[in-house]
Structure formats: structure tokens, C-alpha cells
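*Asks:* First the structure, then my questions, so here it is.
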Amino acid sequence: MKSPYFTPLVTVVLLLAMLGIGGAVYPGLLSVQVILNLLIDNAFLLVLAIGMSFVILSGGIDLSVGSVLALATMMSAWLLQVAHWPPQAVIALVLLLGALFGGGMGAMIHYFKLQPFIVTLAGMFLARGLCYLISINSITIEDPLYLAMSQTQLGFLGGFVSPSALIALLMLALAIFLAHFTAFGRGVYAIGGNEQSALMMGLPVARTKVLVYAFSGFCAALAGVLFSFYMLSGYGLHAQGTELDAIAAVVIGGTLLSGGYGYVAGALSGVLVLGTIQTLIAFDGTLSSWWTKIVIGALLFVFCVVQRLMAMGAARRAAA
Amino acid sequence: MAAQAASKDDASAPPASLLRHPLFRPLAALAVLLLIDLIAIPGFFHLSIKDGHLYGSLVDIVNRAAPLMLAALGMTLVIATRGIDISVGAVVALSGTVAAMLIGGGPQAELPLIWAMAAAMGAALLCGLWNGVLVSALGLQPIVATLILMVAGRGLAQLLTDGQIVTVYYEPFFFLGGGYFAGLPFSLTVVAVVFAVIALMMRKTALGLFIQAVGINPVAARLAGLRTASLIIFVYVFCAACAGLAGLMISSNIKSADANNAGLLLELDAILAVTLGGTSLAGGKFSLVGSVIGALIIQTLTYTIYSLGVPPEVNMVVKSVVVFLVCLSQSAEFKQLFSRARAA
């Protein structure tokens with residue numbers, strides 16, 4: 001059946017059409033740098049969406065990623081500015097704690113059979129609350145390494161990208177490898193398809209599920225590090241509601257929320273679609289920013305309906 | 001009945017049936033919170049009557065919890081059908097905005113109050129219908145279906161007001177959120193009426209049973225001849241109506257409509273209230289009383305944290321820890337682990 005390729009293909013076609021029409025209406029939109037800016041501005045969202053892809057493919061959901069991102073920026077800023085830690089140690093510690101936070105939630109979900117929605121919702125409150133425990137104000141980061149990461153421009157296809165964009169693309173490559181070429185990836189798909197069957201086949205369900213949430217926590221912390229390169233500050237209000245952007249990106253990228261179906265690479269097209277909508281609205285200049293939300297909602301609607309109709313069509317063909 | 005029997009016996013050994021009552025845990029959690037308040041906050045249980053109105057911390061808590069109780073009541077039925085509605089906050093923002101804009105900023109209402117409120121409720125009902133159709137007719141997953149409205153609904157409300165806060169000066173509008181009826185805040189009457197109507201519908205008609213059937217097994221329910229599609233549309237419309245009413249109450253209480261912040265994260269608090277009340281997110285069995293108690297737990301917790309002089313930023317940490325504890329206490333695996341540890 002060609003369906004698994006079909007939905008992500010629709011996304012890519014729509015993305016190209018959007019860019020094409022946008023380029024015709026707004027001159028200058030199709031310059032290399034504008035396209036690369038999509039990657040630069042959304043590097044953190046791409047990393048979040050990569051982690052979310054694994055969670056959703058395994059049939060779960062992680063609502064805590066936006067808050068963990070904020071917590072990572074806050075911890076980095078505090079450790080650098082107040083505790084004067086070396087930046088390498090700060091980054092390593094933040095990434096480790098992110099993975100532990102996610103893994104802890106994964107363990108609660110698996111071993112105590114709690115619902116992912118509620119556990120990660122509580123995790124979201126916890127991480128956001130911990131941000132405010134560190135400080136209720138924004139902390140500016142003045143570390144030289146962070147400044148360098150923020151200002152470096154790497155030449156790329158006639159334009160430039162930020163180191164963060166490069167890190168995000170490397171993460172994507174790693175994630176695609178993990179999902180499609182390792183036993184872990186096959187386990188994730190199997191659990192998302194049917195956890196009971198996966199267990200009976202002798203797959204390491206417990207380990208895989210905990211690792212999936214740990215990976216998502218790690219990605220959220222990494223996204224936080226990238227976000228603090230971008231904003232050069234830590235703040236408890238950073239990236240509010242980003243978890244839903246990440247979920248939307250994954251869904252637009254063709255992954256089914258029920259799990260077991262889709263591609264990690266779809267996260268990239270999903271993020272680019274969201275970024276392109278925002279760029280189009282910025283280029284127009286006359287639309288108020290509220291339109292962004294309405295257009296994103298409308299697009300999400302179109303996608304879900306197209307996906308759903310295709311799935312129903314496929315089911316009917318299979319029955320006939 | 002069981003509760004009365006237990007109170008006559010000595011309190012140290014309540015009968016097992018009482019411990020196993022589904023409302024025992026939420027009530028116990030609320031009792032623990034109230035006990036902390038009794039010890040730590042002087043005059044917590046003090047009630048006084050001024051100008052024929054009842055005043056006191058308890059009245060305050062219940063009054064503040066009113067919008068959350070409404071949202072949780074609506075959410076309970078949605079969750080009972082195995083669904084979820086994360087657009088509640090957006091609907092709150094939308095209905096408050098519509099009402100405030102139609103009433104206008106003058107001392108006189110531009111449109112008669114009743115029409116403005118009807119229009120706001122109409123907008124909320126349309127939102128519910130939209131959600132319900134996406135879930136039942138198109139078969140979208142509830143979280144995705146309502147995510148669309150969550151994003152777009154608030155955007156729509158912000159578009160209507162241009163992101164500004166719309167202030168209302170028309171006095172009669174303030175009654176819904178700030179008025180008094182029979183000595184008690186009027187918001188309580190509203191919650192009581194909504195609760196009574198829906199509880200009667202669940203108990204005295206087969207609707208409650210049907211909703212449970214859909215939640216336990218949608219396919220079996222449909223094969224058994226239930227109109228699952230209409231039932232699902234009904235619960236989403238009801239949930240949105242509750243949210244719309246909550247939105248009117250909130251904007252009436254703060255005398256303005258704030259499209260950016262009204263009802264922000266209310267959907268998550270409502271889901272939390274439902275879960276704390278003992279309703280499982282897996283659908284099927286549900287408890288309306290439990291959800292009301294859940295909302296009271298959340299509001300009492302917030303009140304307690306503020307009154308104890310704990311910095312407000314700790315609020316979220318405490319809230320999340322309470323949720324973790326309550327969820328663990330409901331997990332059979334956790335209880336097993338606990339009893340095994342005690343036996344060893």
C-alpha cells in the first residue's frame with residue numbers, strides 16, 4: 001500500500017506550492033537566505049518535533065517538552081551567570097537532566113500504567129514551576145561560547161546557517177538512523193502498532209518505552225540549549241505552548257497520533273510548513289499576527305481531514 | 001448511607017466499603033487540605049454576614065472555583081466517551097470576547113444584554129458542534145480535532161479585539177460573575193443549576209448509561225444500536241456550552257474580556273479536576289460529583305499556597321507533586337508494590 005509515503009508527500013507538495021505562490025506574490029521570498037532562515041529560526045522546534053515523533057510513534061504523547069525547554073534555558077542561564085560554571089559542563093548537565101526527567105516520566109507511565117497525557121501534563125507543571133523556583137525574572141546570558149554560537153554564520157549554499165540549525169539537522173540524521181536502522185526504532189514502531197503484540201513477540205517494551213520518553217526529554221533539553229543560543233537568556237515564560245506546535249508539526253508531517261505510522265523525517269516538513277506560514281504572514285506585513293494562529297488552525301484542519309479521508313479510502317479499498 | 005454508618009462507629013476503623021468508595025480519595029484529599037488550612041490559617045472557617053451576603057474564605061474558594069467547576073463538568077462527559085477537549089480555554093476567550101464586544105464600552109449596552117449573552121453562547125455552541133463533528137463524523141482523534149480550535153479559536157478572539165482588552169462598563173453584566181443570590185455568590189447558583197440539570201439527565205434518563213457505553217467500547221455501543229455519533233456530538237456541544245458559560249462568568253467577574261489570557265490553560269486544569277475526581281481518562285465510568293470535588297481541590301490548593309505566604313511560583317511545583325501522588329495512588333501497580341514492600 002502506498003499510503004505511508006502518500007501523506008508526507010502531500011505535505012512536501014503543499015510546502016512547495018506554498019513557497020511557489022508566496023514567491024510569486026512577495027518578491028524576495030524565494031531567496032536562499034529566507035529559506036535558510038526557516039531552519040535557523042525553527043531549529044529548536046525541529047529538535048522538539050524529532051523527540052515528539054518518537055513518542056507519538058510509540059503511541060504516547062509528551063506535553064512537557066515546552067516546559068522542559070524553558071527549564072533548560074533557565075538552568076543554563078543560572079549556572080552560567082550566577083554559579084559561573086564552564087559552558088561545556090552546563091550543556092552536558094542540562095542534557096543529562098533532560099533525559100533523566102523524560103526517563104522518569106516514561107518509567108511512571110510504563111511501570112505504573114499511568115496515562116501519558118496526565119503524567120506529562122504534571123511534568124509540564126513541574127518543569128514550569130521549577131523555572132520560577134530558580135528565578136521569576138529573565139536572566140541574560142553573557143557567556144562567550146553562547147555568544148559565539150549565537151553570532152557565528154556558517155556559509156551554506158550561498159547563504160549562511162547558524163550552528164544551531166546544523167545541530168538540528170545532525171539530530172534529524174541521527175533520529176532517522178535510530179528510527180529506521182536500529183532495533184530500538186523497530187521496537188518503537190512495533191509498540192505504537194500494538195503494545196500487546198510487541199510484548200508477546202518478546203520485544204523489550206519496558207526499556208523501549210522508557211528510552212522513548214528519555215529521548216524526548218533529551219531533545220527538549222537540547223532544544224532549550226539551542227533556544228538559549230538564539231535568545232541569549234533564560235526565562236520561565238520561554239516557549240509557552242510549544243509542545244502543541246511540536247505535536248502539530250509531527251501531525252502535519254504525516255505521523256498518526258495513534259502511533260506506529262509515519263516517518264521521523266516528516267517532522268522536518270511539518271516544522272517547515274509552520275515556519276513558512278509565519279514567514280508568509282511576516283512578508284505580507286498587513287496581516288495581524290493573530291492571523292498566524294487562525295491559518296495554522298485551518299491548515300491543521302485541512303491536513304487532518306486529508307489524512308483521514310485517505311485512511312478511510314484505504315480501508316475501503318482493503319475491504320473491497 | 002455508608003458515611004453515616006461509619007461516623008456512628010468509632011472513626012479508627014472505617015468499613016472497607018467506605019474506603020473503596022470512588023469518592024473517598026478525592027474527599028480525603030480535600031479534607032487533608034482543609035485540615036492544613038484549619039491549623040495554619042487563623043479564621044479560615046470563619047463566616048460572617050455583611051449586607052445580607054455571606055463572606056469568608058470558604059465562600060471565596062467556592063466562588064473562585066465556579067468557572068473551573070463548570071469547565072470540569074463539561075469535560076467529564078467528554079472524557080467519559082474516551083475523548084478529550086483541549087479547546088476549552090479558547091472557547092472561554094471567544095465567548096467572553098463576543099459578549100464584551102456586543103455589549104460595548106458604554107454605560108448602556110449596545111445590544112440588549114440577553115442577546116449579547118445569547119450570541120456568546122451561540123458562538124460556544126458552534127465551537128462544540130465543530131469539535132463534535134470532527135470527532136464523530138470525520139473520526140479525528142479528539143486531541144487533534146480540538147487542537148485545531150485551541151489554536152484558531154484564541155486567534156479568532158484576538159482578531160476580534162485586535163489583541164486589546166475590551167472593558168465593559170454596563171452594570172447588569174457584572175451580576176453573573178459578581179452578583180449575590182440568596183446571600184451567596186450568584187456564580188454558585190449557576191453551577192448548581194448546570195450540575196442539577198446534567199445530573200438529572202444522567203440519572204433519570206438513559207443518557208448516562210449510553211455515554212458510559214460509548215466510552216467503554218464505541219464499536220460495541222454502535223452495534224448495540226446506540227447513535228454514537230449524536231452522543232459524541234452532544235458531549236462536545238455540552239462541554240463547549242459549559243466553557244462558554246465559564247467565559248461569560250470570567251469576563252463578567254473581571255469586567256472585561258481578555259482574549260490573550262482569559263481561560264489560558266483552563267483546559268488542563270479542567271482535565272486535572274476530572275482526573276483528581278476519580279474519572280479515568282480511558283473512558284467509561286465517570287463521576288460528576290468527583291469532578292466538582294476535583295475543582296475544589298485545585299482551588300483550595302491554590303488558596304492554601306497563597307495564604308500560607310508560600311511564593312506563588314511554588315504553586316505549580318506543589319500542584320504537579322499533588323497530581324503525581326494522586327495518580328500513583330490510583331495505580332493498581334503502585335498499590336501492589338507498596339503492599340509488597342510492607343510485607344517484606
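For all residues, glycine too, the Cβ spot is worked out from N, Cα and C.
Automated prediction, rather than curation, is the source of TrEMBL annotations.
Copying in the features that TrEMBL gives for the protein in this structure:
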type     : residues  : note
TRANSMEM : A:6-26    : transmembrane segment
TRANSMEM : A:38-57   : transmembrane segment
TRANSMEM : A:63-83   : transmembrane segment
TRANSMEM : A:90-111  : transmembrane segment
TRANSMEM : A:117-135 : transmembrane segment
TRANSMEM : A:156-179 : transmembrane segment
TRANSMEM : A:210-232 : transmembrane segment
TRANSMEM : A:244-264 : transmembrane segment
TRANSMEM : A:290-311 : transmembrane segment
*Asks:* Using Cβ atoms only, state whether the transmembrane segment (A:244-264) and the transmembrane segment (A:38-57) have three or more pairs under 8 Å that are 6 or more apart in sequence.
*Replies:* yes
*Asks:* Under 8 Å, at least 3 Cβ pairs, sequence separation 6 or more: does that hold for the transmembrane segment (A:6-26) versus the transmembrane segment (A:290-311)?
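*Replies:* Answer yes, regions in contact.
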*Asks:* I'd like to know if the transmembrane segment (A:117-135) touches the transmembrane segment (A:210-232) in this structure, counting it as a touch only when three or more C-beta pairs sit under 8 Å and are separated by 6 or more positions.
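*Replies:* Contact between the transmembrane segment (A:117-135) and the transmembrane segment (A:210-232): absent, because fewer than 3 Cβ pairs are under 8 Å.
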*Asks:* Counting only residues 6+ away from its ends, which parts of the chain sit with a Cβ under 8 Å from the transmembrane segment (A:156-179)?
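*Replies:* Cβ under 8 Å, 6 or more out: 31-33, 35-36, 39-40, 43-44, 46-47, 50, 53-54, 57, 149-150, 185, 188-189, 219, 222, 226, 229-230, 263-265, 267-268.
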*Asks:* When you scan the chain for residues with a C-beta under 8 Å from the transmembrane segment (A:38-57), skipping those not six or more beyond its ends, what do you find?
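*Replies:* Counting only partners 6 or more residues beyond its ends, the transmembrane segment (A:38-57) has Cβ contacts under 8 Å with 65-66, 69, 102, 116, 161-162, 164-165, 167-169, 171-172, 175, 178-179, 188-189, 192, 212-213, 215-220, 222-224, 226-227, 230, 239, 242-243, 245-247, 249-250, 253, 255-257, 259-262, 264, 266-268, 270-272, 274-276, 279.
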